[in-house]
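Chemist: Got a structure for you, questions after.
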Amino acid sequence: MRVLLAPMEGVLDALVRELLTEVNDYDLCITEFVRVVDQLLPVKVFHRICPELHHASRTPSGTPVRIQLLGQHPQWLAENAARATALGSYGVDLNCGCPSKVVNGSGGGATLLKDPELIYQGAKAMRAAVPSHLPVTVKVRLGWDSGDRKFEIADAVQQAGASELVVHGRTKAQGYRAEHIDWQAIGEIRQRLTIPVIANGEILDWQSAQACMATSGCDAVMIGRGALNIPNLSRVVKYNEPRMPWPEVVTLLQKYTRLEKQGDTGLYHVARIKQWLGYLRKEYIEATELFQSIRALNRSSEIARAIQAIKI
């Protein structure tokens, strides 16, 4: 089976990709989105989102990285897709699933689910602009406020010439509510298409991964939030390994505080470590205790000292 690390805006940046791919067995990472509006973006934008471009589009441990674009105008999606791959990205992905109100308000992400023709035009333009040996992929949800158009959306992706499709098993309106996950609908899409379909949503451990694959028939999954709850989740999902012990999680957090974020104003680790602990608290009681001990700290140096001082 293949396990992909999902794009999570504001969460899974290059530093976290470096940490997670070092202790996992991911087949591919997708970057946070590059927002495309009405221009060909400067090279520095791609390097900021995906510094792995300087290293053959791979993380330090060797996992391939693919740039994701977010936008609605086929011409500019195409030009920026061409630039991304010319810079070395291992293919390019189109975001048609982000449920953020800000993103949707500007006509991007899940808003495209309302107009499958626009998905078709965007993906087709990207496919034409990218060398044929490189993948052009698309990530969608089941629909905007219902799944009534899921086949129309999936057909648009395949007819555009996309290499594969990632389907998050909820509509935009359903957000991330666990009770709404619909792996069966992903399976219906998989049966309809001839291109590979990758299942996404509520894959949080070995059992849920097995259930998802059995229900959907997919042999590849993409994991997002769960990868932060359990830092070695790809190995749990692939090999039924136990979750990472807390002392190893601490070691990972300690390494995180030592990594330098380019352009950091001093607040990067403050926000990101507190955010990560919020995910870890779902699996590790010790993370709750650590969060309480640092929640009042507002300087990176203070948080780094507190985490480095943990005895493991």
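Along the chain as shown, residues are numbered 1 onward.
Including glycine, each Cβ sits where the backbone N, Cα and C put it.
Taken from Swiss-Prot, the feature FMN binding site covers P7, M8, E9, Q68, K139, N200, G201, E202, G224, R225, and the record attributes it to sequence analysis. The annotation site 'Interacts with tRNA' is assigned in Swiss-Prot to R35, N95, Y176, R272, K274, Y279, R295. Taken from Swiss-Prot, the feature active site, proton donor covers C98.
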Chemist: Want to know which recorded positions, from E9, C98, G201, K274, are within 10 Å of Y176 (site 'Interacts with tRNA') at Cα; which are they?
Modeler: G201
Chemist: Could you measure between N95 (site 'Interacts with tRNA') and K139 (FMN binding site) for me? Cα positions, answer in whole angstrom.
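Modeler: If we compare the Cα positions of N95 (site 'Interacts with tRNA') and K139 (FMN binding site), the gap is 5 Å.
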Chemist: Long-range same-chain neighbours of E9 (FMN binding site), Cβ under 8 Å, sequence gap at least 6?
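Modeler: E9 (FMN binding site) has long-range Cβ partners E32, F33, C98, S100.
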Chemist: Please give me the CB contact count at 10 A for P7 (FMN binding site), counting all chains in the structure.
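Modeler: Cβ-Cβ neighbours of P7 (FMN binding site) within 10 Å number 24.
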Chemist: Would you mind ranking the recorded positions R35, K139, R272, K274, R295 by how many other Cβ atoms sit within 10 Å of each Cβ and giving me the lowest?
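Modeler: Lowest Cβ count within 10 Å among the recorded positions (R35, K139, R272, K274, R295) is R295.
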Chemist: Which residue, of the binding-site residues G201, G224, has its CB surrounded by the fewest other CB atoms within 10 A?
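Modeler: Among the binding-site residues G201, G224, the lowest count of other Cβ atoms within 10 Å belongs to G224.
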Chemist: Can you tell me the three-state DSSP label for G201 (FMN binding site)?
Modeler: coil
Chemist: List only the single closest residue to K139 (FMN binding site), chosen from the recorded sites K274, Y279, R295 by CA-CA distance.
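Modeler: Minimum Cα distance from K139 (FMN binding site) across K274, Y279, R295 lands on Y279.
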Chemist: When the Cα-Cα distance from R295 (site 'Interacts with tRNA') is computed for each of the binding-site residues P7, G201, G224, which gives the smallest value?
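Modeler: Smallest Cα separation from R295 (site 'Interacts with tRNA') among P7, G201, G224: G224.
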Chemist: Can you figure out which of R35, R272, K274, Y279 (the recorded sites) comes closest in space to G224 (FMN binding site), comparing Cα atoms?
Modeler: Y279
Chemist: Write down the Cα-Cα distance for G201 (FMN binding site) and R35 (site 'Interacts with tRNA'), rounded and given in Å.
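Modeler: Here the two Cα atoms lie 23 Å apart.
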Chemist: I need the nearest neighbour of R272 (site 'Interacts with tRNA') among the recorded positions P7, G201, Y279, using C-alpha distances.
Modeler: Y279
